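Encoded as structure tokens, the structure appears first; notes follow it.
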Amino acid sequence: MKKAGILNRHLAGALAELGHGDGVLVCDAGMPVPDGPRVVDLAFRAGVPSFAEVVDGLLAELVVEGATAATEVREANAECAALLDGLFPALALVPHERLKELSAGARLIVRTGEARPYANVLLRCGVFF
């Protein structure tokens, strides 16, 4: 049995399959999930696990070269906006509708139990060398 890192076997396996340039959408419980990308649904109850917890866990295991979020997060969810700004100084912002369109091209979608609006970020995988 694994003793550290991401223990969810579906998520750990999906992360191992990612490559440079692949997209990973980390989303709240209300984000529409498009057909196509692989989905690992971690939502258990409203707020569990939180968006911040999941992003933190993913960043411990992934190299991220870019991140995109919805412009609306700035006004609708200041706490999430501050988190994203702190983690991703070069955060790109697009309208929420555009983020939903971009999510269709993600390789992986990780759905959290987050119950606050616009807690979504599309990560672009980098390389460790």
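Using N, Cα and C of the backbone, Cβ positions are placed for all residues, glycine too.
Worth saying up front: this structure is predicted, and the values here are computed from it rather than measured.
Positions annotated as active site, proton donor by Swiss-Prot, on the basis of sequence analysis: His20. For Asp28, His96, Tyr118, Ala119, Asn120, the entry in Swiss-Prot reads substrate binding site.
Location within the structure of each feature annotated in Swiss-Prot.
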residue : record                    : DSSP (3 states)
His20   : active site, proton donor : coil
Asp28   : substrate binding site    : coil
His96   : substrate binding site    : helix
Tyr118  : substrate binding site    : coil
- Message: If you compare CA-to-CA distances from His20 (active site, proton donor) to each of the binding-site residues His96, Tyr118, Ala119, Asn120, which comes out shortest?
- Response: Asn120
- Message: Please list, in sequence order, the residues in the chain of Ala119 (substrate binding site) that are at least six apart in sequence and whose C-beta is under 8 Å away from its C-beta.
- Response: Cys27, Asp28, Phe51, Val73, Asn77, Cys80, Thr112
- Looking only at His20, Asp28, Tyr118, which of these recorded positions has the biggest number of Cβ atoms within 10 Å around its Cβ? Tyr118
